[in-house]
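Lifted from Swiss-Prot, the feature list:
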type     : residues                                               : note
BINDING  : Ala46, Glu47, Thr48, Gly49, Ser50, Gly51, Lys52, Thr53 : ATP binding site
CROSSLNK : Lys281                                                 : SUMO2 cross-link
DOMAIN   : 2-428                                                  : domain 'Helicase ATP-binding'
DOMAIN   : 70-247                                                 : domain 'B30.2/SPRY'
DOMAIN   : 493-681                                                : domain 'Helicase C-terminal'
MOD_RES  : Lys239                                                 : N6-acetyllysine
MOD_RES  : Lys268                                                 : N6-acetyllysine
MOD_RES  : Lys281                                                 : N6-acetyllysine
REGION   : 1-295                                                  : region 'Necessary for interaction with HNRNPK'
REGION   : 1-448                                                  : region 'Interaction with dsRNA'
REGION   : 1-525                                                  : region 'Necessary for interaction with RELA'
REGION   : 525-740                                                : region 'Necessary for interaction with HNRNPK'
Amino acid sequence: MAAFSEMGVMPEIAQAVEEMDWLLPTDIQAESIPLILGGGDVLMAAETGSGKTGAFSIPVIQIVYETLKDQQEGKKGKATIKTGASVLNKWQMNPYDRGSAFAIGSDGLCCQSREVKEWHGCRATRGLLRGKHYYEVSCHDQGLCRVGWSTMQASLDLGTDKFGFGFGGTGKKSHNKQFDNYGEEFTMHDTIGCYLDIDKGHVKFSKNGKDLGLAFEIPAHIKNQALFPACVLKNAELKFNFGEEEFKFPPKDGFVALSKAPDSYVVKSQHTGNAQVSQTKFLPNAPKALIVEPSRELAEQTLNNVKQFKKYIDNPKLRELLIIGGVAARDQLSVLDNGVDIVVGTPGRLDDLVSTGKLNLSQVRFLVLDEADGLLSQGYSDFINRMHNQIPQITSDGKRLQVIVCSATLHSFDVKKLSEKIMHFPTWVDLKGEDSVPDTVHHVVVPVNPKTDRLWERLGKNHIRTDDVHAKDNTRPGANSPEMWSEAIKILKGEYAVRAIKEHKMDQAIIFCRTKIDCDNLEQYFMQQGGGPDKKGHQFSCVCLHGDRKPHERKQNLERFKKGDVRFLICTDVAARGIDIHGVPYVINVTLPDEKQNYVHRIGRVGRAERMGLAISLVATEKEKVWYHVCSNRGKGCYNTRLKEDGGCTIWYNEMQLLSEIEEHLNCTISQVEPDIKVPVDEFDGKVTYGQKRAAGGGNYKGHVDILAPTVQELAALEKEAQTSFLHLGYLPNQLFRTF
């Protein structure tokens, strides 16, 4: 308790931590908790199981409590940033709602960006809820630009999400990343008119007074939201005219200038550079902290930690809510209506509730992105940016929004790019460094070569069911086609997985497959061997963990594996990411991951706490054709086996190339073993039993000690001489001069 209290953690939280047998903070907690309590943005990286969740949960809970306590007692914070509310008093481009390389002139109307590689955007200070309105934009040079309208939820990259409507100089209209031909190209000296008829739900544009016709019909999900003038530039300059000056091409058909819009139609921007007065009132659906997790299991795990840490906090009590898919939204909404302080959720359901206004982000004090590299790899960067844009940068008590990003590695380019975009001078806490394999992990590769191992020909139909990628191909023996070898690889991998389990008499292992259908097929094959979910204690008892399984089933399966009811957990990378599973002796990679960092994440699940672990990777020597769904339904009901470049949903997967990238990343050569999967024991390990601690006694260090012995003896003699000299100088002051 004292150790956490010394970092400034309040006694109530320290007491809860002590009851969890956390006597001392872990390294990541000791570094991060004081930084977060001090008000800074923090980027942290540490291994799974290092206490990373506690490192952000503890300070977040404490500051949320202190904020609520201050509100309860009527205290008001003092803003640390000069107010910018004056910009809302007229129609102009908003200096508090723009990209980092977007410049705005002193009049608020002339805008430019000289960035040649990236787009940078901006929105106006005001938007509209009703009426028929118009503004003009003049192009001052030949750079690239898009102009139009967007809601406050939209990305500043206009037209790349479902909340913005753009018209670009290349003659394309854009909405939700769909770029369609529209009107004409425009460039320097052209004037573009932007029309908005909210009552009819129409958006259109004109060029030099020529009406280009209807561009967009406003979809239902944003009909009740204010639309703001917006633009995005790449090495371009524009000048806006909202009606304060005479229009070059005055609008017709009842459209009026934005500057003439009645006050009842106008909505001011949330981005003012300071907290809004309206945010100070209590809103039940406006949490103080938002924690985003990439999977349901991680979200549940984090929520449980929050509940444990805050159990002794009272007056006011903290209210938390889990927002994940697969659960009735009705239940979550009823909790929101009663008030919530901390929300933990996954992107899909969070996006639904935020976009419909059911979850209000106006009072968020903390934004935590856990496993940020996982969130980005799943394609949630637009969601993160859109959500961040909706959160005021200064809260109602005058404090700055704090952003905390946790990642398995901070060396990812995408994570670095995200941090530059949404964080304010973050402190990097990197206790992981470059990826490496712990010395308690023995990892080997088993080459799967269908040309030398012809077992697949002799199995007939008694093999694992494959993923139907080759359902329309000739894969019969003798075809000698890439498709035949690919199908043979899939069959052999099922056999090798069974062989590895039998050879090493595995009693517990995590088995990683590339796709959900691969997981299901391997589970079915284990059931053919007599195992499966309902065969407790059987050699092939197993459960599955992936996104298509129902939430309660996933939770139940994970618990059964942890308790030892079943021996094997068959899962995908996404489902298993960050899950707290300790002491597993074996990992089998049925397919290598397409991201080299994930290889380290996978095999790092064995060999913890000085226990030896074995990771076996089945690596195809030939290319394998696999699913790679780019369709809108993400693979559900998809049978398009054409290659991605031909408009299909498959790719050729080159595991030998992936293996070389992993070896280069780890700066080592991974040992290869024969298809019989007999793994030779490394000489420094002695006799190894995977899952048990390495034999103590220091035998591994004997040679090292022998080498250092002479140096240590010399150091001891020097220490003795120094101590003797000190005693003579301190207590026998005349001794020094007796020799003279």
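Note: Cβ is positioned from N, Cα and C throughout, glycine not excepted.
For the recorded site, Thr53 (ATP binding site), the DSSP three-state label reads helix. All protein chains considered, the CB of Lys268 (N6-acetyllysine) has 18 other CB atoms within 10 Å.
Non-local neighbourhood of Lys239 (N6-acetyllysine): Leu109, Cys110, Cys111, Val137, Ser138, His140, each in the same chain, at least six residues away, with C-beta under 8 Å from its C-beta. Here Lys268 (N6-acetyllysine) is positioned 45 angstrom away from Ser50 (ATP binding site), judged by their C-alpha atoms. In this structure the alpha carbons, written CA, of Lys268 (N6-acetyllysine) and Thr53 (ATP binding site) are 38 Å apart.
The 10 Å shell around the Cβ of Glu47 (ATP binding site) contains 16 further Cβ atoms across the protein chains shown. Within 10 Å of the C-beta atom of Ala46 (ATP binding site) sit 22 other C-beta atoms, taking all shown protein chains into account.
Non-local neighbourhood of Thr53 (ATP binding site): Gln301, Thr302, Asn305, Asp370, each in the same chain, at least six residues away, with C-beta under 8 Å from its C-beta.
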